[in-house]
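J.: Got a structure for you, questions after.
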Amino acid sequence: MSGVLTNPYYLREFNHPGSSAQGAIVAAMPAGSFVGALAVTQLADKLGRKKTILLSSLIWVIGSILQCASINRGMLVVGRIVSGLSIGIASTVVPIYQSEITAPAIRGRMVSLQQWSITWGILIQYFIQFGCSYIDGVASFRLPWGLQMIPAIVLFFGMLFFPESPRWLMDCERDEEALEILADVHGHGDKNNELVQLEYEEIKQQVLFEKSEGAKSYRDLLKGNTPRRVFLGCSLQMWSQLTGMNVMMYYIVYVFEGSGLTGTRVSLIAATVQYVLNVVATIPAIIFIDKWGRRPMMILGCLFMGTFLYLVGGLQARYGHWGTVDDAPVWIITGHDAATKGIIVCSYLFVCSFAVTVGPVSWTYPAEIYSLKTRGKAVSLATATNWIFNFALAWATPPGFANIAWKTYFVFGTFNFAACVHFFFMFPETVGRTLEEVEDIFNEGHPFAPWKIGKHTGKRTLADVVGQNKEHSSIDEKEHV
């Protein structure tokens, strides 16, 4: 949507939507995503991870067709809600699938690659929008809306060649298939590889333990230390939205318009640079996320983002004034080139800060802190939290810019500093652990002093796991007798 906000043909076709109406059109997709993310609680556990991803691809194609053919605001909103359903499902199940099928040493990197792929998707679609802006007529926005079904078709046919999650297969008592997939993915086909055996034994032990604990339901999210984990996952996704990153992505044209950049094409070019930086800045996160750790990335990222937003707000407050652009009141800077450039640079630095830190971690962390029994439901709740805040901010931001102007940046800057404090006092480090070893981190406690959790907490060898398995078996046998 960011590429069409100032498109004259789009504005004419949909009767020049005001700030609230435009907010509602943009927010329709995250609203659908909220519902889709909650639907995963059933789909991922019943259909399996692979089939759920295939389903999301088909729903996206339907949504794209509706958007491309839309003739009024109502049809466009319905199309975006349907597409949102797909994104809610995919954005929840894909990190689960990735975290369950990758080796612990590269799991963070793999989920970060997903974030990088998202930035590529944003960049490519923006270039398509930019190219189509030169077309005269409604094709300038309908063509990009139609082309967006191509990635879904590629995903659908690509996933046909991918394996199912070994954890889900073992949960369905298909152990031999799970072992074969683990061997293919982690051991070059060797079922006796130590990492393969370690993962297999740990997953088996965890599945048996969790099955003995009772049926899977939402009540499981209230047992033991699971509420703490659900709170951490949901709050991280909440903060990732409250950083203001999606505001800078959805409404970057408005941001640059307020900074004094005039002309649709000039704003589009400036925004393109931002999307390129988003792609490039995610690369260090992919390489180093499993070395830097999750905590430092979250804490430092929010410090930097809060600082840059305060600088943007300060420059807007000092040099801006109320003006008129396209017959609408806008807080705008005129005649201050240095202030305009300062705002653009701070916007770029803000995006880079997010891309290197909170962006990748916000998807990696929630996927790795839950037990198998609760992972599907808990991750879907975390992702649903992401989308409900995305929905609220997408709708509220245009009226925010229209009414409180530069103060909007201070609101989001304050959210970043609050998130920084929360991350420091409540989020334990999970880097380098298997999903089963993460259990021991939360069993150790320290909910308000995560730095006290030892670096080697939960670390186990194959001998430890097999020994523990035998020990459990003998206890069960004695109890049975």
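Each Cβ is built from the backbone N, Cα and C atoms, and glycine gets one as well.
Pulled the feature table from TrEMBL, pasting it below:
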| type | residues | note |
| --- | --- | --- |
| DOMAIN | 1-431 | domain 'Major facilitator superfamily (MFS) profile' |
| TRANSMEM | 20-40 | transmembrane segment |
| TRANSMEM | 52-72 | transmembrane segment |
| TRANSMEM | 78-97 | transmembrane segment |
| TRANSMEM | 118-139 | transmembrane segment |
| TRANSMEM | 145-162 | transmembrane segment |
| TRANSMEM | 230-254 | transmembrane segment |
| TRANSMEM | 266-289 | transmembrane segment |
| TRANSMEM | 298-319 | transmembrane segment |
| TRANSMEM | 339-366 | transmembrane segment |
| TRANSMEM | 378-397 | transmembrane segment |
| TRANSMEM | 409-427 | transmembrane segment |
J.: Is the transmembrane segment (118-139) in contact with the transmembrane segment (20-40), using at least 3 Cβ pairs under 8 Å (sequence separation of 6 or more) as the test?
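T.: Per Cβ check, the transmembrane segment (20-40) does not touch the transmembrane segment (118-139).
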J.: Select the range from 52-72, 145-162, 266-289, 339-366 that forms the most Cβ-Cβ pairs under 8 Å with the transmembrane segment (298-319).
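T.: Most contacts with the transmembrane segment (298-319): 339-366.
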J.: Would you mind listing the long-range same-chain contacts of the transmembrane segment (52-72), meaning Cβ under 8 Å and 6+ residues beyond its ends?
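T.: Answer is 13-14, 32, 36, 40, 43-44, 78-87, 89-90, 93-94, 97, 142, 145-146, 148-149, 152-153, 155-156, 159-160.
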J.: Apart from its near flanks, which chain residues at least 6 from the ends of the transmembrane segment (378-397) lie with a Cβ under 8 angstroms of it?
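T.: For the transmembrane segment (378-397), the sequence-distant neighbours (Cβ-Cβ under 8 Å, at least 6 residues beyond its ends) are 20, 23-24, 26-27, 29-31, 33-34, 36-41, 44, 84, 88, 91-92, 95-96, 221, 226, 229-230, 233-238, 240-242, 244, 246-247, 250-251, 362, 366-367, 370, 408.
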J.: Can you find at least 3 Cβ pairs under 8 Å between the transmembrane segment (266-289) and the transmembrane segment (409-427), where each pair is 6 or more residues apart in sequence?
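T.: As far as Cβ distances go (cut-off 8 Å, pairs 6 or more apart), the transmembrane segment (266-289) and the transmembrane segment (409-427) do not touch.
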J.: Any residues 6+ beyond the ends of the transmembrane segment (145-162) with a Cβ under 8 Å from its own?
T.: 50, 53-54, 57-58, 60-61, 64-65, 67-68, 70, 86, 121, 125, 128
J.: Find the average pLDDT over the domain 'Major facilitator superfamily (MFS) profile' (1-431) in the predicted model and report it.
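T.: Averaging the confidence scores along the domain 'Major facilitator superfamily (MFS) profile' (1-431) gives 88.
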J.: Six or more residues beyond either end and a Cβ under 8 Å away: which residues meet both conditions relative to the transmembrane segment (78-97)?
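T.: Hits for the transmembrane segment (78-97): 25, 28-40, 43-44, 49-50, 52-53, 55-57, 59-60, 62-70, 111, 114, 152, 165, 363-364, 366-367, 375-376, 379-380, 383-384, 386-387.
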